[in-house]
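Annotation comment: TrEMBL describes 1-69, 522-563 as region 'Disordered'. According to TrEMBL, the compositional bias 'Basic and acidic residues' annotation covers 15-26, 54-69. If you look up TrEMBL, you'll see 27-36 marked as compositional bias 'Acidic residues'. Under the heading repeat 'WD', TrEMBL lists 170-212, 359-389. If you look up TrEMBL, you'll see 540-563 marked as compositional bias 'Basic residues'.
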Amino acid sequence: MAPQTRRMAFPQVVIERDTDSERSSSDDEDDFDQEENGPQSESEAEGEVTENGSRGKNEEDMDSKEQRKAPITISLKKVCKVCKKPGHEAGFKGATYIDCPMKPCFLCKMPGHTTMTCPHRVATQYGVVPAPQRNTHNALEYVFQRQLRTRLPPIKPAYVIPDRVCCAVIRYHSRRVTCLEFHPTKNNILLSGDKKGQVGVWDFDKVHEKMVYTNIHTCIVNNMRFNPSNDGMVYAASSDGTISCTDMETGISSSLMNLNPDGWQGPSSWRMLYGMDVNSEKNVVLVADNFGFLYMVDMRSNNKSGEAVLIHKKGSKVVGLHCNPLHPELLLSCGNDHFARIWDMRQLKAGSSLGDLLHKRVVNCAYFSPLSGSKILTTSQDNRLRVWDCIFGNLDSPSREIVHSHDFNRHLTPFRAEWDPKDPSESLAVIGRYISENYNGAALHPIDFIDISTGQLVAEVMDPNITTISPVNKLHPRDDILATGSSRSLFIWKPKEKSEVVEQKDEGKIIICGSTEKKFKRKFGDGSDDSGGDDDGFKSKGKNFKLTKSRSKSAHCPRKVKR
């Protein structure tokens with residue numbers, strides 16, 4: 001006798017549709033869920049079909065006796081992604097951002113207008129007021145005017161903007177790029193870290209010479225710094241709670257400090273290292289964690305030095321550290337507690353900060369100016385770049401606030417505005433843009449060069465083949481070169497006149513790594529002059545752009561991994 005199975009009663013599913021609104025991609029996802037869950041649940045609840053396509057009378061009696069549950073209503077009506085209310089939509093449609101009527105402008109965070117009509121979007125210098133001249137008799141202000149201000153030229157020189165991609169490595173990393181660092185003495189070497197913990201070394205002059213070290217960290221590499229006394233060694237701070245010291249030639253790495261010796265014990269005790277800098281005068285590596293503490297490691301003994309110091313609100317991330325270039329005893333930190341703080345390392349203890357720079361939201365980064373060290377530039381999640389013209393003056397409010405689009409949600413490396421280390425006037429900064437712009441039908445995310453003394457947008461550089469966001473940007477300390485990390489790829493930008501001279505060389509300028517290279521060979525063959533691929537940075541929405549580099553070949557080689 002065949003075994004009898006008991007039929008279970010499922011709740012009835014009622015589906016509501018919104019027929020008035022247009023169909024969108026979100027509707028397609030909802031319809032997909034409905035096809036898998038909705039009709040199946042209805043047929044089972046009503047008991048109309050069995051495995052053989054028929055239903056017995058005994059089963060109807062059994063279902064009628066079972067207690068039925070309350071019906072579940074699934075609504076497919078469109079709701080706003082911002083305020084979760086029906087009747088309107090908000091978000092990006094191509095290169096256009098549609099604001100939620102229940103919220104202020106997404107760009108400047110002020111009510112009364114939309115992002116597309118925001119005056120700050122039309123002109124970055126809108127609302128930027130130069131700092132007033134203060135007549136003070138402060139001794140520090142006198143020292144600043146006599147000793148530090150004389151280093152800056154009275155006439156601002158012309159800016160040189162690297163605005164053309166001269167070479168690139170596509171899908172170089174297996175996850176998104178998180179940090180970049182140029183070699184201190186070799187102009188053609190670029191280091192890169194990614195979300196997976198890998199560290200890449202790329203010679204962008206020879207293009208093909210690259211290496212990826214996969215055994216240094218187990219998760220995100222947040223910062224890298226070179227050893228000032230040995231440029232072959234690089235320090236890295238990671239979210240796995242360790243500081244590594246790696247030989248770039250061999251890839252041999254040693255752990256200088258591990259904050260999680262017992263492994264994973266839960267999120268409440270797991271420490272991650274974010275901010276990092278090197279103080280060459282004190283011979284220490286400074287790192288900060290996600291609980292607000294600062295640690296020091298002696299570079300001579302490669303051991304932890306002293307006790308951890310609470311420099312920000314307990315339990316908040318300290319995402320940035322920077323030592324003053326002329327006064328190394330001054331340390332600048334920033335974190336998720338909405339503050340950037342100035343410290344004196346000679347008397348470093350909790351609550352002893354020299355200045356607290358308040359922001360409205362999380363501070364992504366804070367840097368002293370590269371030559372005089374007298375200015376401060378910060379990037380905050382409230383779409384503001386803030387500038388303090390003098391660290392010896394009044395720090396209660398910034399000298400200028402510049403509205404710029406870099407507020408994002410997640411799954412993206414934070415935007416950081418960085419100084420141009422070659423600019424003698426200390427007024428040029430570079431930062432990627434979050435909101436896309438419509439360029440000949442393509443939605444592109446430019447990289448902005450901003451004059452922080454006036455708030456003016458000096459230049460916005462983009463390439464039609466790079467449709468992804470470029471949050472990681474690094475200007476070369478000696479050459480007119482910009483390195484960009486976009487998704488998993490690296491790009492080198494040079495001025496047009498310089499890059500045109502370089503392109504006359506008969507060598508490949510675009511390297512495609514990984515699985516993209518195999519697909520390219522199957523489509524075009526090994527000797528094709530056209531360069532393509534399915535990388536995120538070289539695929540647009542609805543349009544596929546081809547790389548047409550004059551007098552240059554496209555080289556394609558697999559990733560070289562150092563194990």
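Yeah, the Cβs are placed from backbone N, Cα and C, and that goes for glycine too.
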Note = Secondary structure split (DSSP) over the repeat 'WD' (359-389) reads 0 helix, 16 strand, 15 coil
Task = Take the repeat 'WD' (170-212) and average the pLDDT across it for me.
result = 94
Task = Count the residues of the repeat 'WD' (170-212) that DSSP assigns to helix (H, G, I), to strand (E, B) and to coil, and report the three numbers in that order.
result = 0 helix, 21 strand, 22 coil
